[in-house]
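Undergrad: Got a structure for you, questions after.
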Amino acid sequence: MKKNDTAVVKIEDIGINGEGIGKADGYTLFIKDTVMGDLVEVKVMKAKKNYGYAKLLRVIEPSKNRVEAKCLVAKQCGGCQIQEMDYQEQLQFKQKKVIGNLERIGGFAPEVLEKITQPVCGMDEPFHYRNKAQFPVGTDKDGKAVTGFYAGRTHQIIPNTDCALGVSQNQQILEEILSIMNENHIPAYNEQDCSGLVRHILIRYGFTTKEIMVCFVINGDNLPCADKFVDKLSQIEGMRSITFSKNKENTNVIMGKEIEVLWGDGYITDYIGNVKYQISPLSFYQVNPVQTEKLYKYALEYAGLTGEETVWDLYCGIGTISLFLAQKAKQVYGVEIVPQAIEDAKQNAELNDMKNAEFFVGKAEEILPAYYENYAKEHPGQQAHADVIVVDPPRKGCEEALLETMVKMQPDRIVYVSCDSATLARDLKYLCGEGYALEKVQVVDQFPNTVHTECVTLLQRSRGKK
Ligand code: SAH
């Protein structure tokens with residue numbers, strides 16, 4: 001096969017980025033926008049020695065798992081990768097992806113995994129689930145300000161104010177903002193030459209409290225016509241906070257370092273279960289509240305708390321899991337690298353009148369080993385112990401220095417929450433080589449219509465065995 005060749009292909013597999021995989025004359029092709037089971041006509045765009053990338057020209061026979069995308073720009077927009085895949089099929093795809101990594105990278109036997117893997121936990125309504133959206137702002141060919149999301153792997157904005165994953169309120173907010181920008185000639189930011197002003201619009205919505213915040217990210221010191229924006233936006237039901245954040249750097253980082261309040265509070269409040277959280281524009285907060293509650297319930301169940309336990313929650317963010325656990329534990333220690341998040345965590349503990357949660361700023365792989373060593377110095381002949389350790393690292397997983405200390409602290413249970421099953425598998429392999437056994441694997445779909453997966457696993461210490 002070579003560039004510009006066309007072929008008819010049956011899609012037989014799905015790649016890790018959601019693209020369909022099929023063969024033409026034994027040559028493997030990766031084809032975006034196709035679904036397992038489709039018979040399609042494609043055109044080769046890029047041909048390598050053993051495989052190539054092709055573009056979908058036409059679906060000859062749709063798969064029984066193909067559904068119509070809900071969003072009009074689903075194909076162009078890089079936000080969703082698998083909106084045309086039936087939701088039940090999406091769930092099976094994610095379950096298979098996690099199990100596949102645990103087998104290949106983790107070295108776990110398929111028959112063991114079969115016994116411990118729980119049915120995947122999906123959503124009843126896999127749309128409009130995100131409580132947060134950061135819309136880039138740009139300029140269209142007529143010079144009008146537009147917002148939307150980037151096309152896959154580029155920074156080209158696909159205009160859309162009605163994202164099917166976000167809350168319905170986003171549309172009205174964005175349209176009010178765009179119309180004020182266009183009427184008053186307030187320019188959107190231009191990444192090419194770092195000119196213009198409005199870079200992003202951040203919107204957050206508390207699903208339980210129905211509170212809304214809007215934050216403008218601007219390449220300047222002030223937001224012109226701030227009173228006009230405030231006038232319109234403050235009338236929207238639930239609006240609690242209108243702020244801006246200066247970001248004058250030439251960077252892909254969205255938010256600036258600080259927040260200035262234009263109207264209302266600098267934060268909104270929301271609940272996960274019974275725990276109340278204060279969320280500022282800069283706080284990390286799980287984006288899918290419905291599934292987060294389920295995820296945390298599994299984490300809590302796996303932690304097996306009776307009220308007597310000492311628990312560490314590593315990579316704790318604003319202390320969401322920590323406070324969930326603190327309801328049932330004797331003492332919880334949270335560790336997080338972002339100082340502002342720890343400030344929020346402390347405030348959230350106070351807000352909920354929880355006195356048994358303590359937080360540390362720093363790298364988990366430095367804080368925990370240092371704590372362990374100091375403890376030994378201060379308590380000769382003893383060693384620091386934890387009953388349960390929970391980790392929820394970013395995609396790169398845990399550093400070995402951290403895993404090593406975790407093992408030394410001999411927790412009865414380790415609950416590993418992961419958004420990347422490849423690094424999860426690597427870390428579980430290490431822990432299972434050091435006396436732990438994998439007891440449960442639960443995939444929870446936090447990101448329907450995208451290829452991202454999240455799962456929570458339970459490891460149990462098998463005493464004496466090493
Ligand atoms: N458990 C939290 C956050 C999980 S996201 C929740 O459910 O809301 C992962 C968190 O790890 C982020 O807040 C990130 O800032 C933090 N982080 C990244 N690297 C870290 C490190 N080396 N040590 C501690 N925290 C880290």
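A Cβ is built for glycine as well, from the same backbone N, Cα and C atoms used for every other residue.
Sequence annotations record features per position, and here TrEMBL assigns active site to Cys419. Feature annotation from TrEMBL assigns active site, nucleophile to Cys419. Here TrEMBL flags Gln286, Tyr315, Glu336, Asp392 as S-adenosyl-L-methionine binding site. The annotation domain 'TRAM' is assigned in TrEMBL to 1-58.
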Undergrad: Around the S-adenosyl-L-methionine site formed by Gln286, Tyr315, Glu336, Asp392, list the extra residues of the same chain whose Cβ is within 8 Å of the site's Cβ centroid.
TA: Phe284, Asp313, Cys316, Gly317, Thr320, Ile321, Pro393, Val417
Undergrad: For the residue listed as 'active site' and Asp392 (S-adenosyl-L-methionine binding site), determine the Cα separation and express it in whole Å.
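TA: Rounded to a whole number, the Cα-Cα distance is 8 Å.
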Undergrad: Report the same-chain neighbours of Tyr315 (S-adenosyl-L-methionine binding site): residues 6+ apart in sequence with Cβ closer than 8 Å to its Cβ, ordered by sequence.
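TA: Once residues fewer than 6 apart are set aside, Tyr315 (S-adenosyl-L-methionine binding site) is near Val335, Glu336, Ile337, Ala364, Val391, Asp392, Pro393, Pro394.
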Undergrad: Please list the DSSP helix, strand and coil residue counts for the domain 'TRAM' (1-58).
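TA: Per-class counts: 0 helix, 36 strand, 22 coil.
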Undergrad: According to DSSP, folded down to helix, strand and coil, what is Glu336 (S-adenosyl-L-methionine binding site)?
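TA: Looking at the DSSP assignment, Glu336 (S-adenosyl-L-methionine binding site) belongs to a strand.
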Undergrad: Using all protein chains shown, find which of the binding-site residues Glu336, Asp392 scores highest when you count other CB atoms within 10 A of its CB.
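TA: Its Cβ has the most other Cβ atoms within 10 Å: Glu336.
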Undergrad: Considering every residue in the domain 'TRAM' (1-58), what is the mean pLDDT value?
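TA: Residues in the domain 'TRAM' (1-58) carry a mean pLDDT of 95 in this prediction.
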Undergrad: For Cys419 (active site), what is the tally of other C-beta atoms lying within 10 angstroms of its C-beta?
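TA: The answer is 17 other Cβ atoms.
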Undergrad: Would you mind listing, in sequence order, the residues at least six apart from Gln286 (S-adenosyl-L-methionine binding site) in the same chain with a Cβ closer than 8 Å to its Cβ?
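TA: Listed in sequence order, they are Ile272, Thr292, Leu295, Thr320, Gln446.
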